[in-house]
Amino acid sequence: MTALTPVLPEAPQGGTPAKGPTTAARKSQRFANGKRGLEPWLYLAPAFIVLIALLGYPIFQLINVSLYDYRQAQVSGKAPLNFVGLENYQKLFADPQFWTVLGNTVVFATACVVFTLLVGSSLAVLATRLRPWVRSMLFVVSLGAWATPAVTGSAVWLFLFEPTLGLVNKSLVAIGLTQFEGYSWTYDKWSAFGLVASEVVWCSFPFVLVTVYAGIQAIPTEVIEAARIDGASMPRIARSIMLPMLRPIVIVVTIQSIIWNFKIFSQIYIMTNGGGIAGQNLVLNVYGYQQAFAASLYGLGSALGVIMTALLMVITLVYLRILKRTGEAL
Amino acid sequence: MKLARSAAAIAIAALALTACAPPTSNNAASSSDEQTGTVRVWLFSEVNQDPKSAVVKEAVTEFEAAHSGAKIDVQYIPVDSRAERFKAAFNDPSSAPDVAEFGNTDLASYVASGGLADVTEDIKSWDEAKDLDQKILDTTEIDGKNYGVPWFVGVRALYYRTDLLQQLGLEVPKTLDEVETVARAVRAANPDLLGISVGGAAQFSAMPYLWANGGEIATKEGDTFVAGLDSKESREGVAAYTRLLKDDICPAQTCAEFGGNASVQQFIAGKSAMTIGGDFNYKAVAASAIKDKFAVVPVPGKTAGSIAPAFAGGNNLGVFNSSERRTLAADFVKLLASKKYQQKMFDSMGNLPTFSDVQKSVAENNKQVEPFINTLGAGTKFVPVTENWSTIDAQGVFTGMYQKVVTGKADVNAATTEAATAMNTAFGAK
């Protein structure tokens, strides 16, 4: 076992050179030639310019707008533009609906992330043990789900779960579960969330499947073989060899899932008709749309956008931090 | 070093924030009033577009013949994306039309955006204006000024199945209470049918119940509106409507999510004994499998013989504030909204006219519109004419109130109090 450890962190990162010596070399070079200080920035400039134009400016405007009382009347110049500072944020924090929506979002997104990862990873493991043609079938089918646009997927799921004519209810009634006759899946808050979550998992697990499968394939067979010769059991190999080697991939997939699932819009908007009965299925993104665009409260909507951005950054940072503390460097 | 750099970055960001406010556009009224050139017109596109285009074309030909050097350019825009279109036009006056058709519930928010021109004087000096239905004209008025000319109106009435009522020996309901008892009786005898298909999100079906019970959505007090949903009368109206969304009439499981269209669809599909539908739904019902088995009466009020006040929906024609051909634009509005062309629009599209005398004459010659015209004649009501109503509407405050009651999340008192508070907050936003 011990003989293997030096190989582990590097292997999946695809040829990243060992860190120690290069950094030291770079440092000494930099000290030798003072003018080099600007050069890296010059190389980075194109990327920076694109980032600032496409990311920096919109975020700046988002924060900017969130500090104003900015509605349609102000945009079209009918009413004076007033700087209100943090008033939009105060309004949100004082509104019980905001906290309900935030709670909904956290529970809903967490469930989506957990189930997407579970389904995707289990299928990835399964895929490594299937015969090639079965595996190809699995990939084609799941790529089909992945390729389906969110709008189409949502509409199809709604058809399947239609109360009276949908395939699901008809099948359930056919096998004797008569209480599902005319059962509306979108009536109850959590059954509606469950329905949407299942659609979200359905259309996002293929990404996890493909990525994790590629990760498993990238683990050199010698490593596994060596472990086996050393007498490690299969669960032990999975826990002590495969999982650590898959770590970077799992991290990326998890962060992607968190970000995607916190930002779910189309599925909720379509499947619960804009937020469900009396707004019971609102999540932050749909709530933000409702406030900013439907109700033309651009300032308030922007504040929601800022909160959401900040929240996602914090979640991602905390997640990375926890991982860093529990394991080796990324 | 690092600290200094981030401090500098924060300072720059703070400076930038205070230095540049978010973008605004100037939407002041245009000073020029040219008598020639092209007048751009936005009208809504329809599912069945041809008859509308034909009438409009006729009006355009007549207008261009009477105004030499003037041209009319008509564009048909989809109703669904109207909000984005109109907002874009207000933000960039150079891409705005001169004349537009718009829904009367949108008027107040358009006026608040400074997009619509005051046409009070044009209406005053127009000889046909005296015959305009006053209740309908009121829906275009803000602070004593009119911002549009009513082009057509839409009201809802009670559709019922003649065969089902006859089979059970039931009389056509003459009061709102009887609507409830008849609906319950039909469902008791036919458990597969909805007694009356109404919806938790069908706000315009719910409003007659509110108003017939003496309730109000909001009343104007001084400069602002005050919600009236928590009054005793309003609560009775809310309670009466939500009693329909129970298992013995229209189960909440099925009906809580219905909007107006969905509830009419149930009736068309033969799955309900009654519904509250609009004059604009008549054609679809008359073309369905139940075409020989239904009739329409006005939604009854509290007492026999009375009619519940209906919501006066409909579309207006208005002039854009930024128009550089204001006189021509107003002239075209007056032509297209004239008695002559409203009659033509009725003949081709079935749109109910907004002139009292034209309403009477079409009702005499077309029996099927009589219940709707009678509903109009009994007096209609409208949502609060303020830009805050579109915020309230978008936030689902009004429909959410009904949905909370029918799903058992709140009782009538709690739901109405909560909705009234939310509305007052929105009304207070200036």
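All residue numbers here begin at 1 and follow the chain in the order shown.
Glycine residues also receive a Cβ, built from the backbone N, Cα and C atoms like all the rest.
The region 'Disordered' annotation in TrEMBL covers A:1-26.
Marked as transmembrane segment by TrEMBL: A:41-60 (among others). Within the same chain, residues 309 sit at least 6 positions outside the transmembrane segment (A:41-60) and bring their C-beta atoms closer than 8 Å to a C-beta of that stretch.
The domain 'ABC transmembrane type-1' annotation in TrEMBL covers A:102-319.
Beyond the transmembrane segment (A:106-126), the same-chain residues lying 6 or more positions past its ends with a Cβ under 8 Å from any Cβ of the stretch are 138, 142, 193, 196-197, 200-201, 204-213, 215-216, 250, 253-254, 257-258, 261-262, 264, 283. Under the heading transmembrane segment, TrEMBL lists A:106-126 (among others).
What TrEMBL records for A:138-160 (among others) is transmembrane segment.
For A:190-216 (among others), the entry in TrEMBL reads transmembrane segment. For the transmembrane segment (A:190-216), the list of distant contacts is 12, 104, 107-108, 111-112, 115-117, 119-121, 123-125, 127-128, 139, 142-143, 145-146, 148, 150, 153-154, 157, 161, 242, 245-246, 249-250, 252-253, 256-257, 260-261, 264, 267-268, 271-272, 276, 280-281: same-chain residues at least six beyond its ends, Cβ to Cβ under 8 Å.
Here TrEMBL flags A:237-259 (among others) as transmembrane segment.
Taken from TrEMBL, the feature transmembrane segment covers A:297-320 (among others).
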Chain residues in Cβ proximity to the transmembrane segment (A:297-320) (below 8 Å; excluding those fewer than six residues from its ends, i.e. six or more beyond): 59, 62-63, 65-72, 75, 84, 88-89, 91-92, 251, 254-255, 258-259, 262-263, 284-285, 287-289, 291, 330
